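When I checked TrEMBL for this same protein, it listed these features:
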REPEAT    98-139  repeat 'WD'
REPEAT    140-181  repeat 'WD'
REPEAT    266-307  repeat 'WD'
REPEAT    417-454  repeat 'WD'
């Protein structure tokens, strides 16, 4: 939700269709939105103000009729929380709430033994917390823009952070010291190699970066003119797959920085990639796109196997699931998350509508659509998901402030966790699956127990 004034009118504008938590966060805080052309459907309400007369903020809030403006603790307006929709949770299921941030928390990560949590926020800070006593262990200083990526290395020795200005920093977790930094362009994604101190990143200008830490030895995979929007390490550890804003998907050799194989879409299928996932056995990989499709590839040669589309442009249902009868038109089905449930040969696709579609890999047929119950006036957009290794279970977080656990074989919502007072932007499942962590527009990080899930 965004607010702007024009002459004597005050408009409440609903921004929709962002392609992920980080992108949604960037758009929501971008002042240039005020100058963008507005679609008629974006305007929720126009409130007329008296000619030449300023309206007190108290009267303005009363006029907003159901739209709540967040305030900081002393009741004054908070530059970070203006425009954040406030949710009244049914209850607070969290066992811990970390609340030292002063703005929306875009990204979180947790180390292997769940002793440390890292968080990155719109307040230009990254913090490292102790889960045992909730204290801040150290702060990652030096960022001058919103911190949108945080990630621990495979052995928990290092933490990497990046911000919207393109600054990438690496911190030694044992003492909180910065051991390396680099200025890139706007970083879209950041990840560690799963078996080495090698850091990978993709940027809006399309470059791919590979750094050896802490020496800083660098390799660059040059742009072909499209933004590098998503990345995933291939199971062999020798190559990585990148997804681009023109819809192309490419696999690169990390040692030689040479192209292994690629998918180049036809002109009518050049929809930006929003997310990527690779099957653990490296047989197939899947990309999610803004046009609502998920594209399944043979990972060895990047041949397109199937284009999974929940509904056709005309509204005709794909698949055979009867639960799919009331789905919205295809243009509303921005793909937010993709993944594999390898134990059951299933592809999982999450959409901006909040739905989680379950597809069969061998047949590419739709098996189920998991649909959350939507409360009136709340946005149930699915933002992130974590696949469990305990069984056919998937955790999803939504913009209505709720984390949900699904049995994807039955499409049943088994459990919900409440507590956030604004939309959730990121979740992480601990390695032993004893806890799930979430970060939110409400400036907090919350921890929830999951031990009793069967």
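Any Cβ shown, glycine's included, is placed from N, Cα and C.
Could you tell me the structural context for the features on the list?
Away from its own ends, the repeat 'WD' (98-139) comes close to residues 21-22, 25, 29, 72, 78, 80-81, 84, 145-152, 155-156, 159, 161, 163, 171, 173, 175-176, 422, 425-428, 430-432, 434-435, 437-447 of its chain (Cβ-Cβ under 8 Å, at least six residues beyond either end).
Through the fold, the repeat 'WD' (140-181) approaches residues 22, 25-26, 29, 103, 106-113, 116, 118-128, 187, 189-197, 199, 201, 203, 211, 213-214, 216 of its own chain, all at least 6 residues removed from its boundaries and within a Cβ separation under 8 Å.
Distant neighbours of the repeat 'WD' (266-307): 17, 19-20, 23, 227, 229-236, 241-251, 330-340, 342, 347, 349, 351, 359, 361, 364; these residues of the same chain sit at least 6 beyond its ends, with a Cβ under 8 Å from one of its Cβ atoms.
Using DSSP to sort the residues of the repeat 'WD' (417-454) gives these counts of helix, strand and coil: 0 helix, 18 strand, 20 coil.
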